[in-house]
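Participant: According to TrEMBL, the domain 'PglD N-terminal' annotation covers 3-75. The annotation substrate binding site is assigned in TrEMBL to D32, D33, G64. TrEMBL lists H129 with the feature active site, proton acceptor. What TrEMBL records for D130 is site 'Increases basicity of active site His'. Residues or ranges marked as acetyl-CoA binding site by TrEMBL: H138.
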Amino acid sequence: MKKLAIIGASGNGKVVADIAVKNGYEEIVFLDDNENIYCCGEYPVVGKSSDAEKQDADIIVGIGNAGIRKRIQETIKNAKIATLIHPNATVADDVIIGEGTVVMAGVVINSGTSIGKGCIINTCSSVDHDCRVGDFVHIAVGSHLCGTVTAETETWIGAGVTVSNNVSICRKCIIGAGAVVIKNVEESGTYVGVPARKVNMESKAVELGGYFSTHKIENIIQYVWAA
């Protein structure tokens, strides 16, 4: 019996579980460090993330936060890390996909592209030919990377983003939802708008009267960009 343990009992984890079932996994369990969570959808939480190597199962980290996903996946040394591709995704035969990556429904990944480990390629996004996506990158719902794009490690490409041909985005960037990236992004930070430009998160927190912390603003910008 194929068994999968998913680390992170969250909404993203539910999507991962559904893809796992479609990949032939017959038993799904979750691991989560919140002791008040007992199930995720119809599946039980059976332990904490530190219990991953004790499971007689394949393992995948289903947490959306790239930093946490990276930290957990890199601590799992003695378990088989799963890679999941939704059967309704279209992936060219020569595409390379790293362990722990999840490719969701409606995704298109074209020829010559490499996807790193621990990535999330989210629903109905596309990665065109000869792109290089680094480890622990999240390409959010409906985002599109044109040909020969590079997205470095731990970058978040927000929902509905378009990245033009031949553009490189450096590591640990957030590209806010709906942004259009037309030139290289060479400095880590948060970028929003059309065309995308860097925003000063500390200044934005002051502008909003201190109601939101910088961290909360970054979370908001991942989904909603403001010019």
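Positions of Cβ are set from backbone N, Cα and C atoms, glycine also.
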Participant: Quick check: with D32, D33, G64 left out, which same-chain residues have Cβ atoms within 8 Å of the centroid of the substrate site Cβ atoms?
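Facilitator: The answer, listed by sequence position, is I7, G8, A9, S10, G13, N34, S49, G62, I63, I68.
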Participant: Give me the DSSP three-state residue breakdown of the domain 'PglD N-terminal' (3-75), ordered helix, strand, coil.
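Facilitator: When I sort the residues of the domain 'PglD N-terminal' (3-75) into the three classes, I find 28 helix, 21 strand, 24 coil.
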Participant: Measuring Cα to Cα, how many angstrom lie between D32 (substrate binding site) and H129 (active site, proton acceptor)?
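Facilitator: Between the Cα atoms of D32 (substrate binding site) and H129 (active site, proton acceptor), the distance comes to 37 Å.
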Participant: For G64 (substrate binding site) and the residue listed as 'acetyl-CoA binding site', determine the Cα separation and express it in whole Å.
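Facilitator: Rounded to the nearest whole number, the Cα-Cα distance is 8 Å.
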Participant: Name the residues of the same chain, 6+ apart in sequence, whose Cβ is under 8 Å from the Cβ of D130 (site 'Increases basicity of active site His')?
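Facilitator: Non-local contacts for D130 (site 'Increases basicity of active site His'): S111, G112, T113, G147, T148.
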